Amino acid sequence: MTQADNQNPKPMVLIILDGFGESDETTHNAIKEANTPTLDKLFRHYPHTLLEASGRAVGLPDGQMGNSEVGHLHIGGGRKVPQDLTRIDAAIASGEFYENPALIEALEKAKALNKAVHILGLLSPGGVHSRDNQIAALVELAHHCGIKKIYLHAILDGRDTPPKSALLSIEKITDQFHAYGNGKIASLIGRYYAMDRDKRWDRTEKAYDLLTQGTAQFHALTAKEGLMLAYEQGNTDEFVSPTSIHRHNETPITIEDGDVVVFMNFRADRARQLTYAFLDDHFTAFNRQVRPKLSAFVTLTAYAKDIHAAVAFPPLELHNTLGEYLSARGYRQLRIAETEKYAHVTYFLNGGQEAPFNGEDRLLIPSPKVATYDLQPEMSAVEMTNKLVEIIQNDDYDLIVCNFANPDMVGHTGDETATREAIQVIDDCLKRIITALQSVGGEALITADHGNAEKMFDEKTNQPHTAHTSNLVPLIYVGREAQFCKEVGALDDVAPTLLYLMGLEKPREMTGRNLITLK
C-alpha cells in the first residue's frame, strides 16, 4: 500500500488496553458484561479489525498464550521475534542447552568447590515467566555434571495458571530428584513475594530472607506437605507464604558463601528485584542481614544492563523499532503508563532498549499501593488520563503511546466484579482521550497486547480464570475515513499500520504489514 500523502494529524496516540481480548462468549466475560458506551460506539462507528496475539504470531509455540512483554515487543518491533521460551525450548530439544557455556562454567565452579547449586525460578507450566520443563532440564544438566547438592527454591504461580495447580509441577520435579538422588525442593514461596516488580520491597525481603537465612512462616517435611499447608491457610499458589522444606531436626537449606545460583525465569521484569538484592553492591531497599559471596550467579536471560551476572541466553538485537525509526526522523514521542506497565511501553516496546531514544519522553504514573488490584480496580487510570488529556491539548508530540493496565492487572485477581468495574473506568477514560484528540485534530489506534479480562472463570477447573488467554485482540482506528483489510492481522502489523497513518514508509526490518487504507 502506498504511503499516506496528505497532511498527517497530530498527535497520533497508540492506546494499548492491556489484557483486553475478544470473545463471543458473554458469560464470565468482564468486557461484555461491563457498561461501555464509548467502546460500543467505537465498534459501531469506526473501522476496526482483529489481531492475533498468541502462539506463532508472536514468536511463541502453537497454542501458547501471549503476554505483555511479548505483546509490546511485537507492537513496537513490527516483525516476528522468536521469544525466549521458544529459543530455550529449541536449545533443549537440540541439545545445545546442555552445552551452554554460562551454565557449564557455573556448574563446574560448584563441582570444583563441592558447593551447592541453587535453582531459583517460577515452577510453572505457564510459559509466561518460565516453564517447568526448562527447570527440569537444568536439574538434569546439574546431575550429569556431577553436582552433589542441587536445591530448587520453587516460586509458585497461580496467576498464569489456575490458582491451585502447583502440585503437578511439584510432583514431577520431586520424582526427578528422587530418580537422581542428589537434590530436592528446598523452599516454596508465592510469586506475590518473590516476583514483585512494583518496588514493594517488603515482599522481596521475605523471599530474600527465606533464601539466605531460612526465615520462613512455615516449615514442612516435603514440598507437597508445604503446599497443602498453604491451602489449609486459605492461600492459593500465588500467595504461598515463605515455607522451608526440611526435616524437623535439620536446619533450613540456604544460599551460602561459595554456592552457585541460577535464576531460571526467562522474563526479566519480575526477576529483577530479587536479583538486585543478591548482586547490587549499593543496595538500600532493605537491610540484607546476610549477603552470601557466590561463586556464580547466572540469569537465564538478560534482566537489565546494570545487573552484572552471567547470562545463559543473551538477547537478540532489534534495530529500527517504531521508537528508533521515528527518533531518527526527528519525531517527538511520549510513553506514558502506570508503574505496573511502565517497562512495557518503554523497554519492551523499544525492543529491549533501556535508554530513551532522542526525542522520546517518558512519564510514569505510580500504581496504587494496595495488596491486590481488585481492591482498587480503577488503579491509576484516571490520573494517567488527566495527564494525557493535558498533554494532547499542549500539542507537543507526534506520537504518544499509553498503556491502561487495568484489564490485565485486575483480571489477574480473578475477581469478576472488580474487573468489570475496571473496564468501565477505562471506557470513561477513552471517552475523555478521544474528545481531547478530536478537539486538536489528532487520531488514535486502540489495541491490546493479549487477552485476559474476557475470560474470568474456567469451567474445566471450576476455578476463577486468572491467566491470559489466546484470544484475538481488537485494533480500532479513530481518525479519517479508512478501511481495514479483511484478513486477520497480528501484533507485528500495528507499527507498519501506524507508520502508514503518519505518512511514513515502514523500514525494511519490519516484516509486518499495513492493515488499513485511507479513503
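Cβ atoms here come from the backbone N, Cα and C positions, even for glycine.
Copied over from Swiss-Prot:
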BINDING   D18, S68, D449, H450  Mn(2+) 2 binding site
ACT_SITE  S68  active site, phosphoserine intermediate
BINDING   H129, R159, D160, R191, R197, R267, A268, D269, R270, K341  substrate binding site
BINDING   D408, H412, H468  Mn(2+) 1 binding site
8 Å Cβ shell about D408, H412, H468 centroid, Mn(2+) 1 site members excluded: D18, G19, N67, S68, R159, D160, P407, M409, G411, H450, N452, A453, T466, A467
Spatial neighbours, same chain, of A268 (substrate binding site) - Cβ under 8 Å, 6+ residues apart: E69, T301, A302, Y303, A304
Site extent for substrate, whole Å (max Cα pair distance, H129, R159, D160, R191, R197, R267, A268, D269, R270, K341): 17
In the chain carrying D408 (Mn(2+) 1 binding site), residues 6 or more apart in sequence that have Cβ under 8 angstroms from it: D18, G19, F20, S68, K341, H450, N452, A453, H468
Those residues of the chain, 6+ apart, with a Cβ under 8 Å from that of D449 (Mn(2+) 2 binding site): I16, D18, G19, A53, G66, N67, S68, V70, G71, H72, I75, H344, V473, L491
CB contacts for D18 (Mn(2+) 2 binding site) [other CB atoms within 10 A, all chains]: 26
Distance, H412 (Mn(2+) 1 binding site) to D160 (substrate binding site) (CA atoms, angstrom): 8
Most crowded position, judged by CB atoms within 10 A, among H129, R197, H450 as binding-site residues: H450
Cα-Cα distance linking H412 (Mn(2+) 1 binding site) and R270 (substrate binding site), given in Å to the nearest integer: 15
For the binding-site residues R270, H412, H468, the one whose C-beta sees the most other C-beta atoms within 10 angstroms: H468
Residue pair H412 (Mn(2+) 1 binding site), R197 (substrate binding site) - Cα distance, angstrom, rounded: 15
Additional residues surrounding Mn(2+) 2, by Cβ distance to the D18, S68, D449, H450 centre under 8 Å: I16, G19, A53, G66, N67, G71, H72, K341, H344, D408, A448, N452, H468
Cβ packing number for D160 (substrate binding site), 10 Å threshold: 21
